[in-house]
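A quick write-up on the structure given underneath.
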Ligand SMILES: Cc1ncc(COP(=O)(O)OP(=O)(O)O)c(N)n1
Ligand SMILES: Cc1ncsc1CCOP(=O)(O)O
Ligand SMILES: [Mg+2]
């Protein structure tokens, strides 16, 4: 096992004061110290042996335990049953060769090195004799009065750059040195007074750990099954880890033959091979977090638990893959039982509602019941539980982080998509990575959820498979990194408007528009237009109502319903204000035939509504908003001659209705809904949307051309 040297406590009895060394160590390990070195120049070997035995009990395997210099005391403590992982030796201390010989190949042996000569001597030793170097002092320190000349951070950087062995920085190191020393190549920070003299060693250690994590790229190991379709399993984990700022690694517990439509076969390699994979990683790479997914059977689970106890990764997130999206149980009874030991070693578990039910032994009945069950489970396993409400019905998709005496709920509008394959794997891997980057649990959950949502929104555009497709793990990064694979909403709106510029200039040039603008439009032609507009608006209102029915969110549902109401009111207004006997219009207006242009336009809208495709329908609806708003505002602004703005204009009050600010706002909103739907649509669907939009624009031209 390679040692995690990130936060390394060297004890000093004087600095530990009344609290004493053992309690100081206990609290510091609680806070995240990964290596403890007992250092006491005055104590006898027997006293050191006794302290090692006591420290071994206090640490309980949660950290490595070394002793400074006293090799014989270490051997004696081991013989007494204490877990002593190794020694740290100075240039003038016991021989590292003897230490390696006495303590064996798995012991952790460190050597002090302050200069080039020390480094050369260390590198001249047989390979594997020394595991790391203690390099300092970074700055002068009273803790070791006979310290060598200070190296400073730059001196440390030069030393580390020349050393193939991991170097921990020591001597005057405080928490504000964390980022600089990690950047300088430190494998860890060795501190004495910063922790021994701390008022709260646990809190101080946790602060060191948070700063250390935030200053580096976390090395995150996924232990899960393989999904060749790339949407779930280790494939999804690696993408999620990378997308969340980590370096992903993967040990494969099982091979599945699956795609977006289901699992065809599962192959579990020999258990020794799983063990080999696990140790190949932990013998060479410091692991900052582990995410555990599919563990096919009890033997696999036990093997992973055994490795966890040996490797002791600082963060363990378990996605208890037990219940498939279909509801099928994925583990047999023996495996479900063995899972208990794994959960006891987790920091966070992320069950869906089906898995939560299995873990608490009952069906979950709604969200409140899920919160209650999550609290029971969190207490039982001593870990946080991220209860995922994605399988609930309804417009909201809640999650809750339960543990450490708190329940933090998160909720957003559900994203309607079939592409949900691998969301559980992806969320838990993103969470593990964010925790390993030093984010607080609630921030890590919030950030992971936000990332998952932008990935969900973009999944359909990947067009992967005919079943439940994957999310796009890199959607946000591609968009922000200029790898624009999809236009922005603004880009689509601009593009579509530009692509009907010919239609728009044709409308501007129509005799009807020209005559309307300069007031020469005959009454008969105007009344004909109004009659057709009234006939159109009545049917247009039905199409808008259909858009409201199909709308995916309540906000869009309300918008299109309000627009349908406005269309009916507009049509009634036309009757009340214009289509009256005074206006020379008979009451039999609706006996009037729909002009071919009106009929064709309405047939197009109704045919599009019949497809049931919300995005395509609102694209067909949009030109009526957009072209009227644009034309009306330009007419009203005098672009077709100042007379169009003159209150004396024969059609002044009609012209005014199409410069209405409320209609302009409605148009802006309609454009936004269509553009957003187009962004998240597949290329094929976006093409159908644009076609429906263009055909409606052409019908608008024909509609304006009909009267003259
Ligand atoms: C990690 C680490 N580095 C250096 C030391 C210094 O050890 P010490 O015995 O105090 O001084 P030397 O004898 O090594 O010069 C250490 N204890 N730990
Ligand atoms: C043991 C040791 N070796 C080099 S400096 C030192 C003491 C470091 O103490 P502090 O972290 O309080 O500066
Ligand atoms: Mg020494």
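Placed from the backbone N, Cα and C atoms, the Cβ positions cover glycine too.
Per TrEMBL, these features apply:
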type	residues	note
BINDING	37, 38, 39, 40, 41, 68, 112, 144	4-amino-2-methyl-5-(diphosphooxymethyl)pyrimidine binding site
BINDING	69, 93	Mg(2+) binding site
DOMAIN	7-195	domain 'Thiamine phosphate synthase/TenI'
DOMAIN	227-472	domain 'Pyridoxamine kinase/Phosphomethylpyrimidine kinase'
DOMAIN	511-705	domain 'Thiaminase-2/PQQC'
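TrEMBL feature annotations superimposed on the structure.
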residue	record	CB count, 10 Å
37	4-amino-2-methyl-5-(diphosphooxymethyl)pyrimidine binding site	24
38	4-amino-2-methyl-5-(diphosphooxymethyl)pyrimidine binding site	29
39	4-amino-2-methyl-5-(diphosphooxymethyl)pyrimidine binding site	22
40	4-amino-2-methyl-5-(diphosphooxymethyl)pyrimidine binding site	19
41	4-amino-2-methyl-5-(diphosphooxymethyl)pyrimidine binding site	10
68	4-amino-2-methyl-5-(diphosphooxymethyl)pyrimidine binding site	22
69	Mg(2+) binding site	22
93	Mg(2+) binding site	16
112	4-amino-2-methyl-5-(diphosphooxymethyl)pyrimidine binding site	20
144	4-amino-2-methyl-5-(diphosphooxymethyl)pyrimidine binding site	18
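Along the domain 'Thiaminase-2/PQQC' (511-705), the predicted structure has mean pLDDT 88.
Take 37, 38, 39, 40, 41, 68, 112, 144, the residues named in the record as contacts for 4-amino-2-methyl-5-(diphosphooxymethyl)pyrimidine: the widest Cα to Cα gap among them comes to 16 Å. Highlighted here are the binding-site residues (38, 41, 69, 93, 144) whose C-beta falls below 6 Å from ligand 3: 69, 93, in sequence order. Comparing residue 39 (4-amino-2-methyl-5-(diphosphooxymethyl)pyrimidine binding site) with residue 69 (Mg(2+) binding site), their Cα atoms are 8 Å apart once rounded. Not one of the binding-site residues 38, 40, 41 has a CB under 6 Å from ligand 1. The binding-site residues near ligand 2, defined by a Cβ under 6 Å from one of its atoms, are 144, chosen from 37, 40, 69, 93, 112, 144.
In three-state terms derived from DSSP, residue 37 (4-amino-2-methyl-5-(diphosphooxymethyl)pyrimidine binding site) belongs to an extended strand segment.
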